[in-house]
Structures are given as structure tokens and as C-alpha cells.
Amino acid sequence: MTDALLDDAAQKEAAARKASAKGSVLYLDGVSVSFDGFRALNELSLVLAPGEMRAIIGPNGAGKTTMMDVITGKTRPDEGEVLFDGTHDLTMLDEAEIANLGIGRKFQKPTVFEFHTVADNIRLALKGPRTTRSALFGARNRIPDDAIDEVLSRVRLIEHRARPAGDLSHGQKQWLEIGMLLAQDPKLLLVDEPVAGMTDAETEDTAELLREIATRHSVVVVEHDMSFVRALGVKVTCLHEGSVLAEGRIDVVSADERVIEVYLGR
Amino acid sequence: MITRMIVSALGDRGSLVFLGLLGVAALFVALSNLLLPPGSALHVPIHIVALLGKYVCYATLAVALDLVWGYCGILSLGHGAFFALGGYAMGMYLMRQVGTRGVYADPVLPDFMVFLNWKELPWFWHGFDSFPFSMLMVALVPGLLAFVFGWFAFRSRVTGVYLSIITQAMTYALMLAFFRNDMGFGGNNGLTDFKDIVGFNVQAQPTRIALFLISVAVLALTYAVARVLVTSTFGKVLVAIRDAESRARFLGYRVESYKLVVFVVSACMAGVAGALYVPQVGIINPGEFAPANSIEAVIWVAVGGRGTLTGAALGAVVVNAMKTTFTSGLLAPYWLFMLGGLFVLVTLALPKGIVGTLQGWFAKRGEAKRVETSEPSPPPEAPAAGKAESAS
């Protein structure tokens, strides 16, 4: 009897979740990942609406990067559901397939092709076919310079287009990587610590750039820098020990006692 | 479209110098041997022509290896296996051409099969009496092995030193297999005592000159194909994979497809080089699969400069010329020490190899000249110190 009631409740809940999955761009439900007994993600659930920008905060080891790994196909979850656009099951796809669905990712440490010029970095990133054939004789060889320059002017690297990316400063590399994301033109951007190692002025510029990007794309930003998160002015999710601790506006979340506790220690 | 790609790939100064010098040197060697009297100071004796032909085959192998190692970061320590397989395919053709002129005068079976008391030709020896079929196998067999090997290795994301170790294991396993008599490839002795190639005596002077010139042409062609590959966007993706594999993956590139394509192309090139090597040295035996051979090929590329193609070819010739010089006479017992020392020296003093260092030097001089001649319009850029050549 009680079992039946419980089943019923569970079914209703599942149906409600399904409904929220339908309209979402990113939908995580009950996602768990363990590494050698350590639970990096513990029944994490998160829903991102189309066009939304979300900031993810949390202390070290909260599972922020693991969450990105799960969404981009680098790590397979032990259990749970990960849906993109309400229909694509990301747990069944690999990195390249997920990238081509329209999810772009910026790494914590800026990762650009240092040997290539700034322009070639964008050329390789630009949306379009990525098969070996297209790269050998096909469309990849006929990318107009305008398309590259447009992206480069958005991330303010246009004067540097002919320089090897390895010669750029740390902050410029961060921007180049964001530029590569823009060139991919993904529906969803995952941005991991975009202002790590930046000066205050660069941090401000980056916040502005991300806000501009968020007008056309859904964005998830993982960041430690609270003033930067404040500057973004978006909904914040605080992770702790692999699950959601608090969610809401930054002043609400940062006033939450549990959040203060995990950040400042007991 | 494709002609434009070829022109732009081979129109740079390095390619023009390389192909020009190669052509001039080849013509000089051939004409000097044919036209000058043996007493002349400039006469190149026929055994030197054969030796140079061998170097040219090694140079082709080095270009093939540079394509995968220098541009895609796949450090193959088993490329000698593809070279040897191409060599065996050619050797099988040459054995079938011997016919009744063998010691046992069997019209079909090569001598070693008669010796082992075999009654009929094993199935995999069929077809090798045909030259076109054999030439197809020369590229197809190494290519197929590379495909199967690469399919599993790259899909399982085996990279770095682990990949190097399994390529080494592959060539070692093949060596042990080919040593066995019942494999049907002549065991320990391999294939030798060749008579004709497409109707010409392999030992005759004109045949040797022709084989030398064909080897040079194949080196030039291999270089051209490799250049077209690396100057296209395909090559840029390869370098991207070499320097930041996960970045390439998250951009949506199928890294394993790119690696597989370049690995198979490279293996086919190595096979063709091996096929031209065999008639010029007159023998192919399982020793060609020895892991040390593959490692030596890596040293050629490192000495010449990886990721330059021309450097790989140059390194193969330079190191082998040294080997020929120093393995005879007083220093002979010390050659392996010298080779090891050379590798250490190049790694420490010339990490970019001969050609890589020269290129860097020319680039710096060109930049200095531009700054001198033009107005200070281009912004002073940070020096290219600590440039991004990853050492993986």
C-alpha cells in the first residue's frame, strides 16, 4: 500500500522532472561520479534554461570541474541523467559528438594551440565540418578571413592575428580561448575559471565580454572570484561535496549560513 | 583547387631548395657513373650509387616517420616494421622471378621451400609473380597493418610513451614471427639471390642506376605528398592534436580519425621505401624488423629536425653516411657509442635538429631585416623566447 503510494509519488516527481527537462538547454538529474571511492558528484541535479547564464561557485573539491567533465563527455557518470536540449542523452556520446551538438568548453588553464597563429586558432575552432576529408581538400580550407576577423575583433585580439598564440600573455590566451568558443558558435558554453590569473581591469573586461556573450548563448561559468560573480549579476549555484548546497541570487546565496560555513570552514 | 594546393605546398624556399638539390645530386650521380671514365676524380662507382640509393630509401622512411612524429606527436618506435613489410612484398616478387634459375630449379617454389620439402606454394605467395599486384601489396600490407593497429590503439586513446612501447612490441613480435621457418618467408635467411626485376638483371649497372633514380623520385613524391598534407588544414589539425589533444577533441575533432589517416599514409610510404631498398641491397631478412632499426630512424629525424620533413631526409643521409664511415676501420667498435652520443648531443645542443635550427636562424634574420627596412609600423612584439614547441 505504502509502496504503491511511494511509487506514485516517485512517478509524479519523475514526470515533473521530465517536464522541466523538455524546456531546458541543460538538464542534470541525480548525477553521481566516484573516483576510487571518492564521491566527486553526489546526486547532483541542475537545470539550465535556454539563454540563461549561471555561475557555479564552491570550494575546492566541490565537483565543479567534474560536472563540466560529465557534461562534455570526458567522464561517464556512474548514475543519473544528463540531457542537452531536452533530448540528447550526453552520457551516450563522446567529446567530439557533444562538441558538434553545440557545447563548447573553456578549460581552467588556458588551452590554445600555441604553435599556431591566433588566426589559425580561430580557423580551427570555427563552426563547420570537421572530418579529415573537409580538412584535407574541403570546406576547412576555404574559411574566409572575414569570419576569423569578426571573432578576433569581438575578443579584442585583432592586432595579434598573425602572432603565434604561444607568445600571447596569460590574459590574452584566456580571451583567445573564449574567442575559439565563440567561433564554435555553441548553444551552451561552459567556462571554467575565466579570470584566474587576470588583472582587475582584465577581470572587468571579461565580465563584460561574458555578459555580451550571454545575450546570444546559454552560459555556465565556474568561478572562485566572488567579486567577478557579483559583476556578472546572474543566478548562482553553490556546490559542496558533489551536490547543490544553495541556489539563487548572489546576495541570497552568499548570506546563506551553510555557504559561509563551507567557505570559511567550521 | 588541388593543383593550387600543390603549388602553395611546394612553393616555399625550403621545398624548392630541397627538391632542387635532390634533383641535381641525383642527375650528377647517375650521369657521372654512366659518362665519366672510372679513373676520373668525379666518377661515382656503382657500389656507391647503390649505397646512395639505400640512403635515399632511408630518407623516405624518415620523412614518413616525421609526418607522424613531428606533426602529430605519434612517436612510433615500430616504423621499421612497415619498411620491412614493404621490403618483404618486393622480396616475394623478386623470388618468384627467379624461376628455374634457383639452386633447385623448381619453376614455382623458391629454393627455401624446396629445401623445407614443401610441395606447393602457400596461399599468401600467390599473385606475387605479378609486378602490379606486388607493388599494390607493397603499400597495402603495411597500410592494412597500420590501420588495424591504429584503429585499436587510437580508439583506446593510447598515447605518449605507452603507444611508443606497443609500436616497439609490434615490430619485435613481427621479427620473432618472421624468424620462424614455417611462417613461409625464408626464416632466418630471409629472401635473397634475386635475379630479375621486371625483366632486368638486378645486379646490372643500368638497373642499379634506374633503381637509384626511382628511389630519388619516390623520395621527392613522398615529400610532396607529406608537404601537401601538412600545409593543408589537415596538417594544422595534426599539429593542434600534437600540442593540445583534449582541446582539439572539445572543439569537435575526431582525434582518432586524424591519427589513423596520417598513420596509415605514413605506413604506406614506409612500405614503398622498403620495397625500393630490397633490390638495391639484395636481401631482406627478419633483422630488418629489429627494434633497433626503428629507433635509429627516430634518431635520424631528431638529428635532422622533427616537424620539418626536409630535416628528416637530411638526418637520414647524414647519420647513415657517418655510420658507413665509422663502422669500418679504427672506430668500428665504437659506432653505437657515437650514435648514442650523437642523440644526446642533438637533444641537448640542437633540440630542433639541424634544419629546425637553421630555420629558426633564417626566420630571426628575416625578421631583423624587416624591422630595419620598414618603418617601425609593426608593434614591437615580444621575443619568441620559450616558443611553444612541446617536447612530448
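Residue positions begin at 1 at the first shown residue.
A Cβ is built for glycine as well, from the same backbone N, Cα and C atoms used for every other residue.
Note that this is a predicted model, so its numbers are computed, not measured.
The transmembrane segment feature in TrEMBL is assigned to B:16-36, B:42-61, B:68-90, B:131-154, B:161-179, B:209-239, B:260-278, B:298-319, B:331-350. Summarising the annotation, TrEMBL assigns region 'Disordered' to B:368-392. Under the heading compositional bias 'Low complexity', TrEMBL lists B:383-392.
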Same-chain residues near the transmembrane segment (B:161-179), Cβ under 8 Å, at least 6 residues beyond its ends: 74-81, 84-85, 88, 149, 153, 185, 187-188, 190, 285-287, 289-291, 293-294
Distal contacts, the transmembrane segment (B:260-278) - CB-CB under 8 A, six or more residues away: 53-54, 56-58, 60-61, 63-65, 67-68, 71-72, 74, 76, 79, 82-91, 94, 135, 138-143, 145-147, 149-151, 154, 191, 194, 211, 214-215, 218, 222, 225-226, 229, 234, 238, 284, 288
Interface-richest range of B:68-90, B:298-319, B:331-350 toward the transmembrane segment (B:16-36), CB pairs under 8 Å: B:298-319
